[in-house]
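Colleague: Below are the structure tokens for one structure; questions will follow.
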Amino acid sequence: MKINKAEFVTSAVAPDHYPVHELPEVALAGRSNVGKSSFINKICQRKALARTSSKPGKTQTLNFFNINDEIMFVDVPGYGYAKVSKTEREKWGVMMEQYLTSQEALRGVVLLVDIRHDPTGDDVTMYNFLKHYEIPVIVVATKLDKIKKSQRQKHEAAVKRKLQFDPSDRFVAFSAETAEGKDEAWKAIYALITEGE
């Protein structure tokens, strides 16, 4: 996948701020610090398209990125960050739910989880939310380079078991360090935006 264009378009907190365009949208969701920004930067072959931060909970808006004039990535706020106030978390929740359930351009969601650990309660809640609303989902298990190759199957099985993963969904093991899983991620994303056309 050759990336000729990858640019930040705008940030939004409400539907009247969403950019007007005709591209299919793919949202990226996951726990704070799961590696969403690193995932976006790596698959788009850019060093700082999405800002990475050592401070969890940094993304507080819906951030729209135009990729090749073909896809609009939408980075949604990371969830599960304890140091953000309850009011702030609820505000994010409403913003995300509003976007995920009402945006007609949305073709699906890339849900990022950390392959090293069992998915959190928040991860399971998000996966169930997407299944409930019949929003197509790709589960991307990040930080693949942090576990031994001999342990991969065990970790993948644990993630799937905890999520009660639906085999009709796509699962990609991914490393932003080595780019392993990058091609598989693009294949899954393209399948998402071309299904039902």
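In case you wondered, yes, glycine gets a Cβ from its N, Cα and C as well.
Found this in Swiss-Prot, in case it helps:
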- 22-195: domain 'EngB-type G' (DOMAIN)
- 30-37, 57-61, 75-78, 142-145, 174-176: GTP binding site (BINDING)
- S37, T59: Mg(2+) binding site (BINDING)
Colleague: So of K36, K143, which of the binding-site residues has the fewest other Cβ atoms within 10 Å around its own Cβ?
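Modeller: Relative to the other binding-site residues in K36, K143, K143 has the fewest Cβ atoms within 10 Å.
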Colleague: Taking G30, P77 as the binding-site residues to compare, which has the smallest set of other Cβ atoms within 10 Å?
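Modeller: So among G30, P77, the binding-site residues given, the one with the fewest Cβ atoms within 10 Å is P77.
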Colleague: Among the binding-site residues listed here, N33, S37, T61, which has the most company in the form of other Cβ atoms within 10 Å of its Cβ?
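Modeller: Its Cβ has the most other Cβ atoms within 10 Å: S37.
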Colleague: Using DSSP and three states only, what is G30 (GTP binding site)?
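Modeller: G30 (GTP binding site) sits in a strand per DSSP.
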Colleague: Could you tell me the mean pLDDT the prediction assigns to the domain 'EngB-type G' (22-195)?
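Modeller: Mean pLDDT, the domain 'EngB-type G' (22-195): 88.
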Colleague: Across all the protein chains here, work out how many other Cβ atoms are within 10 Å of the Cβ of F174 (GTP binding site).
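Modeller: Its Cβ shell of radius 10 Å holds 26 other Cβ atoms.
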Colleague: Taking just the CA atoms, what is the gap between K143 (GTP binding site) and S37 (Mg(2+) binding site) in Å?
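Modeller: About 13 Å separate the Cα atoms of these two residues.
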Colleague: Using DSSP, would you call K143 (GTP binding site) helix, strand or coil?
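Modeller: DSSP assigns K143 (GTP binding site) to coil.
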Colleague: List the Cα distance (Å, whole number) between P77 (GTP binding site) and S37 (Mg(2+) binding site).
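Modeller: Cα of P77 (GTP binding site) to Cα of S37 (Mg(2+) binding site) measures 11 Å after rounding.
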